[in-house]
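Novice: Please read through the structure below; I'll follow up with questions.
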Amino acid sequence: MGNRAFHAQKWTKAEINYRKALAKNSSNSQALYNLGCALLQQDKDSMAVEQFEKASKIENNPFRRSKSYHNIGVIMQKQRQYAQAIDAYKMSLRDNPGDNETRYNLALCKKLLKNNPNQQNKKNDKNKDKNKNKDKKNQNNKKEDQNQNKKGQNQDKNKNQNQRHEQKMSRDNADQLLNAAIQQEKATKQKMQRNMSQPKSRNLDKNW
């Protein structure tokens, strides 16, 4: 019933039927996977990931398990969570090493993660936090000893000059990374448009 509704693109009805099957047998890996597919078609991404994860944990067939990991990767990639997508695609390839589509998606996510300016911003934020902690330590040292205070001020000036120089370098590097990411994203969009735009999820299998 669930598969029939799914192939008829009646996603809600398919979801209901798969849930009924799971109510009878919660460890039915096929029903878990198919439920994930039905949820994915309804853009219920987080719920779909939950079902795919459950299916992957109890599925003994490597090929079927690889499909669950592949779909998790597709969802993470769609949400631009490239690190999580990479992990999922790697797991999929362990079970199905000959899957060229998964291998392509993995390579693409690695490039996107490398060129993602958000990752650079996170690193800069961590550096700023470290600099703040250094400033607090310098303030405590100033209260303890006036002579050390003078030395500390000189050191602070040098540090501030170095920090300003480093921050300028970071901004320049961030601009370069951003420009590279924009160009990469344009090229990626064009390539993905030629390949049906978004990565394909794996739907029902005849044997499921």
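Cβ atoms are placed via backbone N, Cα and C, with glycine included.
Marked as repeat 'TPR' by TrEMBL: 29-62, 66-99. Per TrEMBL, the feature region 'Disordered' maps to 113-208. Residues or ranges marked as compositional bias 'Basic and acidic residues' in TrEMBL: 122-174.
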Novice: Mind checking which residues reach the repeat 'TPR' (29-62)? Cβ under 8 Å, same chain, six or more beyond either end.
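Specialist: Counting only partners 6 or more residues beyond its ends, the repeat 'TPR' (29-62) has Cβ contacts under 8 Å with 2-3, 6, 9, 11-12, 14-15, 18-19, 21-22, 68-69, 71-72, 75-76, 78-79, 91, 95-96, 201-204, 208.
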Novice: When the repeat 'TPR' (66-99) is classified with DSSP, how many of its residues are helical, how many are strand and how many are coil?
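Specialist: When I sort the residues of the repeat 'TPR' (66-99) into the three classes, I find 27 helix, 0 strand, 7 coil.
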Novice: Taking DSSP states H, G and I as helix and E and B as strand, how many residues of the repeat 'TPR' (29-62) are helix, strand and coil?
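Specialist: Output for the repeat 'TPR' (29-62) reads 28 helix, 0 strand, 6 coil.
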